[in-house]
Amino acid sequence: EEDVVITREQHHAQRREERRRRRQKRAQHSISLSSAISMDIYGNSALNSRSGMGTVSHDPASPRSPNTDGVRGRRPRPSELEEASGEGRPLRWQTVVAFFVFAMGPGWVLDTALYQQMPWFQSTQSEGLKLASQMTIAGILSMPFLILPYIFINSSLPKGVSHMLMISILCFAEAILTFLVGILWSVSANGVSFALLGTSFFASGIGGFQSIVVLPWISQEFNPRIISIVLTGSHFGNVLTSLLGLAQSPGGARRFTPTVFFMILFTILICPVV
């Protein structure tokens, strides 16, 4: 009877071990499906922390233990830190394209587009040459209003939730403003171009949020190397706007109207929203 009990216990222990191995294998398989781009974005240490695997092994027998060289308390080399964070491996092209396109949304694209159309605006709006300085002042006035949202984002809500929510709002807002100004750019009352001044105010505010929301969010939540991709994508959006204005020639040939210009820009700004 004792032999039978021991045999049963061994059998149950073996079954438990098999079930544990199957669960571990399934977990590793599910992680491997999305680990390629996730390691590009978050790095190895952040990916491990999200998957619950931990970032550093404290087992002296572990091959990843920081003390395998026999020197306890040794400071890691820069190459080791780079390997642990995932910063030493090249980024995949899918990651680069995704953040490159995303960066054209929350930035200075619309503000640049407004000044691309300034020759047309100055010749058709009642303000004339004064319109450029008035739009500049309207943009500057938006900066103090960034203080309260900045405090709210960094203190009242969890950073991951608040930053992601704010960036989504910025992407939608810039696309919607571009569409509206394409329709209402000529609207004025009592010699004041309210549509252009209001758009300049909000467009400058969106551009200001790039420095206080987008870039801190990237540096905290993702691989720091993605910051350069985001800035490159943002500047590329400005280049596209400039090339579009060059093709239009608003101060010369005027090949198409500002409405067409802003609608083309609207289709570009839809891509970061998607």
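Every residue gets a Cβ built from N, Cα and C, even glycine.
Going by TrEMBL, these are the annotated features:
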{"type": "REGION", "residues": "1-32", "note": "region 'Disordered'"}
{"type": "COMPBIAS", "residues": "1-17", "note": "compositional bias 'Basic and acidic residues'"}
{"type": "COMPBIAS", "residues": "18-28", "note": "compositional bias 'Basic residues'"}
{"type": "REGION", "residues": "48-86", "note": "region 'Disordered'"}
{"type": "TRANSMEM", "residues": "96-115", "note": "transmembrane segment"}
{"type": "TRANSMEM", "residues": "135-153", "note": "transmembrane segment"}
{"type": "TRANSMEM", "residues": "165-188", "note": "transmembrane segment"}
{"type": "TRANSMEM", "residues": "194-219", "note": "transmembrane segment"}
{"type": "TRANSMEM", "residues": "226-247", "note": "transmembrane segment"}
{"type": "TRANSMEM", "residues": "253-273", "note": "transmembrane segment"}
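With a threshold of 8 Å between CB atoms, the same-chain residues lying at least 6 positions outside the transmembrane segment (253-273) that come near it are 101-106, 109-110, 113, 116-117, 120-121, 171-172, 174-175, 178-179, 181-183, 185, 237, 240-241, 244-245, 247.
With a threshold of 8 Å between CB atoms, the same-chain residues lying at least 6 positions outside the transmembrane segment (165-188) that come near it are 102, 105-107, 109-110, 113-114, 117, 121, 124-126, 149, 153, 157, 194-196, 199, 202-203, 206, 209, 213-214, 217, 258-259, 261-263, 265-266, 269-270, 272-273.
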